[in-house]
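Annotated in TrEMBL:
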type    : residues                                            : note
DOMAIN  : 5-232                                               : domain 'Radical SAM core'
BINDING : Arg14, Lys68, Thr96, Lys157, Arg253, Val254, Arg255 : GTP binding site
BINDING : Cys21, Cys25, Cys28                                 : [4Fe-4S] cluster 1 binding site
BINDING : Tyr27, Gly72, Ser120                                : S-adenosyl-L-methionine binding site
BINDING : Cys248, Cys251, Cys265                              : [4Fe-4S] cluster 2 binding site
Amino acid sequence: MREDSFGREVSGVRVSLTDRCNFDCVYCHNEGLGDTRGPMDARDHEMSADDVVRFLEVVEEYGVDSVKFTGGEPMLRDDLEEIIRRTPESMEVSMTTNGTFLPGRAEALVDAGLERVNVSQDALDREQFKHVTQSGAYDRVLEGVDAALDAGLDPVKLNMVVFEKTAGYVEGMVEHVAENSGLQLQLIEFMPELVGKPEWAVDIDRVHDWLADEADEIEHREMHDRKRYWVNGGMVEIVDPVGNANFCANCHRVRVTHEGYLKGCLNRNDDLKSMGEMTKPEIQEAFERTVDERVPFYGEYMVRDGDGGWEVNEKYVTA
Ligand SMILES: Nc1nc2c(ncn2[C@@H]2O[C@H](COP(=O)(O)OP(=O)(O)OP(=O)(O)O)[C@@H](O)[C@H]2O)c(=O)[nH]1
Ligand SMILES: C[S@@+](CC[C@H](N)C(=O)[O-])C[C@H]1O[C@@H](n2cnc3c(N)ncnc32)[C@H](O)[C@@H]1O
Ligand code: SF4
Ligand code: SF4
């Protein structure tokens, strides 16, 4: 596996298949790519299925053994099944989706080779869901989760961004996954970097403390040093890039934008590397440079300022 200069091996890639989306979530970082609003039609600048597959074949040679398809909304791609079918056998294939297109399509994705799915669901309340996602698709998302379970995807992880507008729903979501086998919960710390709105952030340590009181068992996942709490039989994982000093130190992922640029960190857009015309040697060269130049974001690229906030580390400003 290729290792960066901070000793972090790259074992996974996250491929954004499109920046289009049928939702307009108020918190959306769109994997660092800006606004999701705009036309829904397929666009010329998106990587083709051939481009995606060629990239995956190259990084497989570096020992990358998992791929996550994301977006925007990856299920807006009509050729998603083809891409999954052509993904190298050695890779675990997962997807993160808003769930609206899973009904009627989940089985075909599983037949193509999809092994896991994460569905974003920020509340168990229709009105709040509408407010956060700016869509009226609440029932459709619940149907999507059922469709994923019916298609044999187990577990289905529900992604919930914890911020001012959803914090009150955490307890209900924890109960929900405990009561429904096959579901797990990922509580994602709101990252304001690409969205602005630092005032929406809530103290994720309070959520950790509450879960620690409720939990029957607590585990650590090596990936990102994430904590997992087992509450009444339900699993709750906290994704806390901002608050967890070891999160970035255990980051083993490289990202690819829908336009085919490599990206060493979700929160940065100043390190994009083109894969050229996407020949295998060009992809290899860009991948190696991306890995070599990766740095942990929180704690290295960004450091604490005197007021408890974050500022760019001076050495990267001059670079
Ligand atoms: N800053 C940062 N945030 C991440 C990272 N991985 C996940 N997240 C946050 O968590 C969100 C949901 O991630 P997912 O892709 O659904 O799932 P996952 O966290 O990769 O978890 P697995 O399915 O277990 O691989 C992302 O869109 C980010 O907001 C990461 O490497 N860095
Ligand atoms: C960008 S979306 C792309 C995939 C798909 N459209 C979805 O919503 O699941 C991937 C994940 O990022 C999370 N996310 C978006 N903006 C975020 C932010 N500012 N902070 C933390 N997580 C965020 C979403 O909740 C979602 O789970
Ligand atoms: S569904 Fe996903 S990509 Fe679309 S706006 Fe919401 S978080 Fe962003
Ligand atoms: S370095 Fe940190 S912020 Fe960047 S992608 Fe990795 S875990 Fe996320």
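Just so you know, glycine gets a Cβ as well, placed from its N, Cα and C.
Put simply, Cys265 is the one of the binding-site residues Cys25, Gly72, Ser120, Cys248, Cys265 whose Cα lies nearest to the Cα of Arg255 (GTP binding site). Highlighted here are the binding-site residues (Cys25, Tyr27, Cys251) whose C-beta falls below 6 Å from ligand 1: Cys251, in sequence order.
Taking the mean position of the Cβ atoms of Cys248, Cys251, Cys265 as the [4Fe-4S] cluster 2 site, the remaining same-chain residues with a Cβ inside 8 Å of that point are Arg8, Pro241, Phe247, Arg253, Gly264, Leu266, Asn267, Arg294, Val295, Pro296, Phe297, Tyr298.
Taken in sequence order, the binding-site residues Cys25, Lys157, Cys251, Cys265 that lie near ligand 3, meaning a CB under 6 Å from one of its atoms, are Cys25. Geometry remark: Val254 (GTP binding site) versus Cys265 ([4Fe-4S] cluster 2 binding site), CA distance 7 Å.
Under 6 Å, Cβ to nearest atom of ligand 2: this is the test, and of the binding-site residues Arg14, Lys68, Thr96, Cys265 it is passed by Thr96. Annotation note: Cys21 ([4Fe-4S] cluster 1 binding site) sits in a coil segment as assigned by DSSP.
In this structure the alpha carbons, written CA, of Tyr27 (S-adenosyl-L-methionine binding site) and Cys265 ([4Fe-4S] cluster 2 binding site) are 18 Å apart. In this structure the C-alpha atoms belonging to Arg253 (GTP binding site) and Cys265 ([4Fe-4S] cluster 2 binding site) are separated by 8 Å. Of all Cα pairs drawn from Arg14, Lys68, Thr96, Lys157, Arg253, Val254, Arg255, which the record names as binding GTP, the longest spans 21 Å.
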